[in-house]
Amino acid sequence: MTSFNVKWVIIASVISISLVAVSGQACVRVEVPMCKGLINYNFTRLPNKFGHTTQSEVYWALQQWWPFMDMGCSQNLRLLICGLYLPKCTTGSTQVQLPCRETCRRAKNRCSQEMQRQNLPWSSQFRCSQFLPKRSRRCVGPLKEKKKKKSRRRHVTCQRNHLPMCSGIGYRFGSLPNMFLQSNIREMKREMAQYQPLLDTNCSPHLKFFLCGVFMPFCLKQETSECEVPFVVPCREVCESVQTSCGQIFERQRGGLPWPGKFHCHRYPSRDYTRNPNDCSVSCVMPN
Ligand SMILES: *[C@@H]1O[C@H](CO)[C@@H](O)[C@H](O)[C@H]1NC(C)=O
């Protein structure tokens with residue numbers, strides 16, 4: 001190597017090292033789909049205490065807890081889990097904030113039984129004593145819990161679908177909870193809003209239909225007079241066409257995150273081509 005080249009190599013490495021140092025301190029937007037827009041802060045900083053350096057790594061670690069976050073056993077469970085893996089970052093502060101001990105305790109009180117029932121004991125990573133108490137003012141405090149009765153899963157059968165994204169898709173009625181056991185409309189609205197930038201790219205004409213049918217499965221009862229099917233999701237074929245058209249754009253928009261597990265197409269029933277479309281035993285629908 002000539003001395004000229006060596007000099008440039010040295011300069012380039014100094015620049016890249018200082019870039020890493022700076023970006024290591026900058027707050028970045030929370031992007032993982034189970035947390036983005038669903039917790040009361042927007043910025044985090046990696047690496048976290050598990051050594052994850054990208055949100056894709058965090059995504060894979062959080063995926064197993066996603067159903068519990070959606071189940072709604074506690075307002076604080078999502079805050080606890082997201083907060084542990086993607087601690088709150090505040091511009092100008094060198095320290096990130098983890099959830100408070102109280103946040104953890106409320107989540108544990110409400111959710112540990114339900115998890116136990118599904119053979120998942122309260123994980124040792126969620127040990128509440130590891131967290132600072134709220135009075136330290138250096139942690140993310142607890143949210144108020146809803147009354148237990150109210151937080152119980154709401155069942156809705158064939159109600160008007162008022163999700164803002166879902167107007168004009170041809171199906172006006174839906175049922176809840178969805179296949180992820182979500183029934184909190186406000187939370188679903190916020191979760192769906194994550195996909196607005198993807199919708200804005202017009203990557204697929206069926207994206208809106210797909211999202212709406214996933215979050216609030218369609219009810220065919222009110223749409224066609226003969227059928228009484230209250231719960232129908234979009235067909236796998238719609239899912240596949242949406243993923244093919246939008247998957248890479250999603251990845252680019254969200255800093256390399258994989259296509260969310262909720263939208264994995266094997267979850268959705270395949271269209272039965274032999275069946276008469278007016279047959280009432282349909283399990284999935286295609287866009288009109
Ligand atoms: C987080 O970002 C969203 C969308 O940009 C915004 O509506 C919301 O108010 C922000 N939340 C906080 C706590 O700053």
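Each Cβ is built from the backbone N, Cα and C atoms, and glycine gets one as well.
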Per TrEMBL, cysteine bonded by disulfide to CYS219 (from CYS158, CYS166, CYS265): CYS158
Disulphide bridge to CYS111 as given by TrEMBL, partner from CYS73, CYS82, CYS166: CYS73
Recorded disulfide counterpart of CYS104 (TrEMBL; options CYS82, CYS128, CYS139): CYS128
Of the disulfide-bonded residues listed as CYS73, CYS104, CYS111, CYS128, the one whose CA lies nearest the CA of CYS212 (disulfide bond): CYS73
Pairwise CA distance, CYS111 (disulfide bond) versus CYS128 (disulfide bond), rounded so that it is a whole Å: 13
Among CYS73, CYS158, CYS166, which are recorded as disulfide-bonded residues, the nearest neighbour of CYS128 (disulfide bond) by Cα: CYS73
Fewest Cβ neighbours within 10 Å, where candidates are the disulfide-bonded residues CYS128, CYS166, CYS212, CYS219: CYS128
For CYS166 (disulfide bond), the three-state class that DSSP assigns: helix
CYS128 (disulfide bond): secondary structure state under DSSP, collapsed to three categories: helix
